């Protein structure tokens, strides 16, 4: 949830930072286009840095301790924003927040995947999408109503709740304990998270999986030398690249700016809240269908919905570029963005990380997740930083038509490359990737 807030924080905050009203803008002057683009995009660079280290730390200290350590920059970043009077402090704080977000999205899928059972793994992994969408909605609903300073303090709430619930109640991954030859701790962990006391059979399977993985020395090279790992890395990195090239980070970060450009009578604040709420709904739908319908079907449906919405939104801006009256279809931008976010969250927003948590061996899962998230947020940085300049160069219409073309290409990729992992055990998934 904190990561979701961080990714959408710039939408309501930049409206205030571009104001020349000192009661709204702590800087006392409007930010420039250059400053705006860096404030919006620096969390992505922070995410990249976070992913470089969290995989190593996760294997050394455990998944749980890694998440606790890397949550500290969240806290420091928001306190810095609350006290900031210069744009350089915004740069630093947004970067720190990104470090925490990158670690969360790199480590959490692996951690949840290792705690979950085969039957509910997809559902639990998709819960991340619901909480992320809750963060977007919180930012869109609360951000416009309060000052930047108060908004920063309010964002400490989910982080505080994380400390109060996660540290005392949630166990370490049983796979981590097995990797450290602490079988008794792994058994104790399994008993805590399963509905039965008889966990010997599952524990034996886990020990066998870890033993098989330990036959080869764990290193970065293994990700590129074994067929299953190489194919898995190609799939996850490609899906996360397509995810960002759909324009999701740019649309979230510049939501209110985009609505202003639409020139409709619908309030940008109200429209953003509606979209945020519907993102939660679409994530809930995805959560309860992912293990029934399957990953591939949801990815394809998600891509088709995104393509349609982006094409229509591009067409709307094209009409405006040619000075054609759009009053009759004033509702179209909101409808398109609702369809875009709903389609995105129904599949492409949640499933790449879900798949990442399913298809890698436990001894390289954290490293693979780090690389995948590194690629994801590198692309997010490029898209978010470049969007204001791209829209100046080719217009909003050109931006959304470009995003639509990339979405259509990703459909072909899913059909050709992505296997169905629904209700498959780890061994079955590895066998499919080795074929």
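Including glycine, each Cβ sits where the backbone N, Cα and C put it.
As written in TrEMBL, here are the features:
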- 1-422: domain 'Major facilitator superfamily (MFS) profile' (DOMAIN)
- 38-58: transmembrane segment (TRANSMEM)
- 65-83: transmembrane segment (TRANSMEM)
- 89-111: transmembrane segment (TRANSMEM)
- 123-142: transmembrane segment (TRANSMEM)
- 148-170: transmembrane segment (TRANSMEM)
- 233-255: transmembrane segment (TRANSMEM)
- 270-290: transmembrane segment (TRANSMEM)
- 297-318: transmembrane segment (TRANSMEM)
- 330-355: transmembrane segment (TRANSMEM)
- 367-387: transmembrane segment (TRANSMEM)
- 393-418: transmembrane segment (TRANSMEM)
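At the 8 Å Cβ threshold, with sequence separation of at least 6, the transmembrane segment (38-58) comes into contact with the transmembrane segment (89-111) through 3 or more pairs. Under 8 Å from some Cβ of the transmembrane segment (123-142) lie the Cβ atoms of residues 1-9, 11-12, 108-109, 112-113, 115-116, 151, 154, 158, 252, 255, 269, 272-273, 275-277, 279-280, 282-284, 286-288, 290-291, 345, 349-351, 353-354, 357-358, all in the same chain and six or more residues away from its ends. Note on the transmembrane segment (148-170): residues 1-2, 5-6, 9, 12-13, 16-17, 26, 64, 67-68, 71, 74-75, 78-79, 81-83, 135, 142 of its chain, located 6 or more positions outside it, place their CB under 8 angstroms from a CB of the stretch. Taking Cβ pairs closer than 8 Å, the transmembrane segment (393-418) reaches residues 234-235, 238-239, 242, 245-247, 250, 258, 261, 295-296, 299-300, 303-304, 306-307, 310-311, 313-318, 320-321, 348, 355, 387 in its own chain, all 6 or more past its ends. Long-range contacts of the transmembrane segment (367-387) within its own chain (CB-CB distance under 8 A, at least 6 residues past either end) are made by residues 37-38, 40-42, 44-45, 47-48, 51-52, 54-56, 59, 98, 102, 105-107, 109-110, 218, 220, 223, 229, 232-233, 236-237, 240-241, 243-245, 247, 249-250, 253-254, 352-353, 356-357, 360, 399. In terms of C-beta pairs under 8 Å, the stretch of 89-111, 233-255, 330-355 lying closest in packing to the transmembrane segment (297-318) is 330-355. Same-chain residues lying 6 or more positions outside the transmembrane segment (233-255) and placing a CB less than 8 Å from one of its CB atoms are 7-8, 10-11, 14, 40-41, 44, 136, 140, 223-224, 268, 272, 275, 299, 306, 310, 337, 340-341, 344, 348-349, 351-353, 355-356, 359, 368, 371-373, 375-376, 379-380, 382-384, 387-388, 399-400, 403, 406-407, 409-410, 413-414, 417-419.
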